[in-house]
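Record features, source TrEMBL:
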- B:12-30: transmembrane segment (TRANSMEM)
- B:117-325: domain 'ABC transmembrane type-1' (DOMAIN)
- B:119-144: transmembrane segment (TRANSMEM)
- B:156-181: transmembrane segment (TRANSMEM)
- B:201-220: transmembrane segment (TRANSMEM)
- B:255-277: transmembrane segment (TRANSMEM)
- B:303-325: transmembrane segment (TRANSMEM)
Amino acid sequence: MTELSKTGAALGEPAPGNAPDAFLAVRDLKVHFPTDDGLVKSVDGLSFQVEKGKTLCIVGESGSGKSVTSLAIMGLHRLGAQGKHVQMSGEIWLDGKELVSADPDEVRRLRGREMAMIFQDPLSAMHPYYTIGNQIVEAHRVHNDVSKKVARKRAIEMLDRVGIPEPDKRVDGYPHEFSGGMRQRAMIAMALVNNPELLIADEPTTALDVTVQAQILDLIRDLQKEFGSAVVLITHDLGVVAEIADDVLVMYGGRCVERGSVDDVFERPQHPYTWGLLGSMPRIDRETSERLIPVKGQPPSLINVPSGCAFHPRCPYADIPKGDVTRTVRPELQQVGGGHFSACHLSPEDRTRIWTEEIAPKL
Amino acid sequence: MISYILRRTFAAVILLLVVTAVTFAIFFLLPRMAGQTADQLAQQYIGKSPTKADIAAVKQNLGLDEPLYAQYWHFIKGIVSGATYNLGPTTAHCDAPCFGYSFKNHVAVWPQLTSRLPVTVSLAAGAAVMWLVSGVVIGVISALKPRSFFDRTFMGVALAGVSLPMFFTGNLALLLFTYQWPIFGRTYVPFTENPAQWANTLFPAWCSLALLYSAIYARLTRSGMLETMNEDFIRTARAKGLRERNVVARHGLRAALTPIITVFGMDLGLLLGGAVITETVFSLPGIGQYAVQGITDNDLPPILGVTLLAAFFVVIANLLVDLLYAAADPRVRLS
């Protein structure tokens, strides 16, 4: 607990238990799933905040805990057969309400109204037997006591708003009759039908054609401006991050390893894992003859997370700090600039030297 | 859609013709192939110790001396336009559709089938309602609380239900509730005569048959629901803020039940062709019992008739299932 309050203080946030100023604030969130093989620590002490009108991108490899984080905010990980075994602690504050300790039914009433979610694969995320219109109407009527006719008008209005041509006809179409991009637009229309103040998008462009990806990102950005909502976007695509993010949170092994503004993270990254992600991103301004630099090794097991710094088995610089500190002591987030945090044992001098001399020239 | 139905109906007619040919071959070609002569076949239709002349007469009357294709042709012609059978001193006319004439009992097969059909339909329909409702309800509850006490208990009962033969459950039900404590009637009464009595007599048969099937349906529903409740669209439904019971009913069940239509249609079609064992155990004068009678009497025309009727129901059920499925799942296109 002392560790936690230290980090909290370092982050310049109010003490735990008190409502934060930020619209969405997550504090020391832990989401663990007991399985036959052991306790899966999908999220293990994560803190961040998002203001209204801002976009936070959470990046990381598959299995780094990004999706579980988004489901946890929505309260969705607790539902279903698997859900009752979940162990969860920490705080999630949405507009002054704490959600982890809240009554599940209260969280349900917030879902779809104050916070909404867009999923990765719009084909499987929509019910195959109901028309697009019916699904949007249902989303609207859960939280609004209106007639089907009114809700349908609202659905057509939303489809029009997200750029679906002939919305009064397409409203009666089934998901399989839409193209991938149109389906994701419809999904966005469904999520935004109740004007939510928080929009969570879990890899919204991953399943889409590259040409459509930019359109969808533009749409999300435009709608965010229009509605002034806070957006949390989960992705593993740094191209998407550069396009849309205000702030970036890099996750590794269920924890945050670096957090800062998009400029901080792209221009002055302070963590070897972030360097690895940047090195493995294709860039149009780079010579085609240059090879991408992959992050060597495998993502860590969430059951047996490596001791010390979870990244140390894959980190090329793990031997620079003196002693075996990288293998025994878990690094905490430390402020490395205004609003820029990193959890790394390397000294600030080493980090600056490695970044400017070794990494940056290769990018 | 209309052209699809027309094409499927045409295909169904062709299929039924093939079924008649195969069935006919089984009853009239196989005995020949096994070395039985036309004389021996004819002998089956006469009383004990017939004279040579009797056999020859019967052989001629029944057309057994004709080539097989001609016999088959007569049979098909009879279905369309009726047939007249020469019974020596008298003739018997069998109106269209003539599915043969039982020489043992001196009655045409078709009226027998139609008069017994209501019994079989009553049995099948009542049992179907019972097993569908109980199977689906148990399956859903089990799927929502997998490995719970309820789930384990009912899946155990289900296993017993599938494993116990009708000879056992049917007779046990009869023994306890019709003889030991006579709650239920013993003789079948048509629905049109006395609906209460009708239900009262059929109830034990419905329960016994439903136990057998609801076990299968509970398991089907359970696995279907378990799979469906892990689908992405269920997560979406929850993300909308729907109450869990609406998520289950509107999104989960809707998707999980659709494949069950297929199984249900086929099972019902099969049962309408005669629930042989159930009808025998409960002495219900239905199609199945008629088939058993035909087999015991070594009376070929009733068996042939029942076989064709059963095939007809299965083919029709198949067609209906395909149409229903297309109506239930918008992704299925009939073309």
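The backbone N, Cα and C atoms fix where each Cβ goes, and this holds for glycine too.
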Statement: Outside the transmembrane segment (B:303-325), at least 6 residues beyond either end, the same-chain residues with a Cβ under 8 Å of its Cβ set are 5, 8-9, 12, 15-16, 19-20, 23-24, 27, 99-100, 109-110, 112-113, 258, 261-262, 265-266, 268-270, 272-274, 287-288, 290-291, 294-295, 332, 334
Statement: Sequence-distant residues near the transmembrane segment (B:201-220) by C-beta distance (under 8 Å, 6 or more away from its ends) are 122-123, 126-128, 130-132, 134-136, 138-139, 142, 154-155, 157-162, 164, 166, 169-170, 173-174, 177-178, 184-189, 259-260, 263-264, 267, 271, 275, 278, 281-282, 284
Task: Run the contact check on the transmembrane segment (B:255-277) against the transmembrane segment (B:119-144): 3 or more C-beta pairs under 8 Å, excluding pairs closer than 6 in sequence.
output: yes
